[in-house]
Amino acid sequence: MFYAINDTQHEGQETLVIGLFQKSQLAGKAKQLDELLDGQITGLLKDGDITSKRGSTSKLFTLGLTETKRIYFVGLGREADYSYQDTIDAFSLVFRLLQKDKNSQSLTMALDSFLSGNVSGEEAAHALSETFHRSTYTIQNYKQKSNEPEKPIENVFVHTDLDLNEIQASLEVGSVYGKGANSARTLVNLPGNLLTAADLADYAINLANKYHFDYEVLDKKELEELGMGGLLAVNQGSSEPPKMIVLKYQGKETWDDVIGLVGKGITFDTGGYSIKPRDGIVGMKSDMGGAASVLGAMEIIGELKPEQNVVAVIPSTDNMISSSAMKPDDVIVTLSGKTVEILNTDAEGRLVLADGITYAKQHGASVLIDVATLTGGVVVALGTEITGAMTNSQKLFQQIVSVSEDCGEPIWQLPITEKDKKRVKNSLMADLNNSPGREGHAIMAGTFIGEFAEKTPWVHLDIAGTATTKNGSSLGPAGGTGVMARTLASFVERFEKLQ
Ligand code: BES
Ligand code: MN
Ligand code: ZN
């Protein structure tokens, strides 16, 4: 699919993609072609027919004068301003365009034309293959007429003067990241009737078999025996059985320094008796976005096999209403032994995550990351581009934030104060309450989960705003984004034991 090359004669040479910086002289491939074409590219640039403005593309036919039949120029703007994120923008733009060009099923990218002082060959190669998968993603829909492109891009030849083995390796890794993120998107896009907790468990088992992970899927009876009262309470109103899904990846000799990844796996959230309004309920199939991120990350981890230990924990059920459903005022006992007074059945995520966090610790997790579409409050606070984060360990947070920046998945920290802790503990009936009120409720949710992480270093990621997007972009259609699959995997790859 991706081939690093540096010879001139090869398949896919008829379509060539070149990045153009705003500078006075053409360089590399563009310069070579300009010479073959008697300076015509320089002329077209001068007249403004081709532009190097960031975000612009121009298509040029060479009318039999060169082996290359068509050239796509991608404007990259000023080289000094150009960053890794801009390579992602440039590649996504061009792959979306080429996906529609039926004569470009094989094509060549002039990699070196996309490099600058800020972006190395390996980084650009990673961005190229990762972005290819992300930008050409199509939703698996159920229309009778297929939405798959008729002539999808099949082979991408990556032309470079750099070390071919290194570039090839980066292309492979980028490809793994792109596919993992897309798997998470596909899970998020699946409707609740087609992705139940049992289906999610089957998906995880397939992943485990493919990558030789140890796994465990607890059914309702086992949850009862272990006392997972949080997950059971949320499941109480459902006719679909709950599942606690655990995958274990051991990349080190001994099972220590274990990273726990805990993902909210609510396959549909009606709100329960604290029912959502009719507009708020649409889209709640995506309430397993955290689980999807974790499973996407586990796919990447399974492919790349880093020297780390990871336990992925996914508490899964839907949140439904029936005569047996949990009610406001109910008091439940979580796996940790802590009791919770239910004030709002729509604050269900924190209940299942409480058991997930405790169970990850029981499986030896020494650091914890939870990922969840947890609150509408985080969307109000930070919008749809930034994931909300909370932590009890600035050192762990530092590692996550730097990886997430590199992945282009920004996060922003919200505080936890002693007063917040008092608010989640404010109950006459139980140790905690699950909904202290609407003031700062994203913070209340995170603070609640922190009570179960206790002393274990922990970061909470609230992806309610970022797990889905209403608008399509050059990175693909509206719907699931697969957010945090790449950040989690990259975090695992780069994780350094906390001192
Ligand atoms: N799954 C929702 C949060 C959500 C909202 C995700 C919008 C994606 C988009 C969560 O379970 C929920 O209902 N949260 C409540 C909490 C409240 C009852 C304290 C919320 O945010 O309103
Ligand atoms: Mn809810
Ligand atoms: Zn929810």
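Placement of Cβ uses the backbone N, Cα and C atoms for every residue, glycine included.
Please treat TrEMBL annotations as automatic predictions, because they have not gone through curation.
The following features are taken from TrEMBL:
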type     : residues                       : note
BINDING  : Lys264, Asp269, Asp287, Glu348 : Mn(2+) 2 binding site
BINDING  : Asp269, Asp346, Glu348         : Mn(2+) 1 binding site
ACT_SITE : Lys276                         : active site
DOMAIN   : 344-351                        : domain 'Cytosol aminopeptidase'
ACT_SITE : Arg350                         : active site
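If you look at the domain 'Cytosol aminopeptidase' (344-351), the same-chain residues 6 or more away from its ends with a CB under 8 A from one of its CBs are 230-231, 233-234, 264, 266, 269, 271-276, 287, 319, 325-328, 332, 334, 372-375, 434-435, 445, 448-449.
Surrounding the centroid of the Cβ atoms of Asp269, Asp346, Glu348, where the record places Mn(2+) 1, the chain contributes additional residues within 8 Å, namely Val234, Ile266, Thr270, Gly271, Gly272, Ser274, Lys276, Asp287, Asn319, Thr345, Ala347, Gly349. Proximity to ligand 3 (Cβ under 6 Å from any of its atoms) holds for these recorded positions out of Lys276, Asp287, Asp346: Asp287.
Neighbour density around each Cβ, counted as other Cβ atoms within 10 Å, peaks among the binding-site residues Asp269, Glu348 at Glu348. Figure note: comparing Cβ neighbours within 10 Å for the binding-site residues Asp287, Asp346, the maximum is reached by Asp287. Listed in chain order, the extra residues whose Cβ falls within 8 Å of the Cβ center of the Mn(2+) 2 site residues Lys264, Asp269, Asp287, Glu348 are Val234, Ile266, Met284, Met288, Asn319, Gly349, Val352, Ala372, Thr373, Leu374. Asp346 (Mn(2+) 1 binding site) sits 14 Å from Lys264 (Mn(2+) 2 binding site), taking the CA atoms of both as reference points. Around the Cβ of Lys276 (active site), the number of neighbouring Cβ atoms within 10 Å comes to 16.
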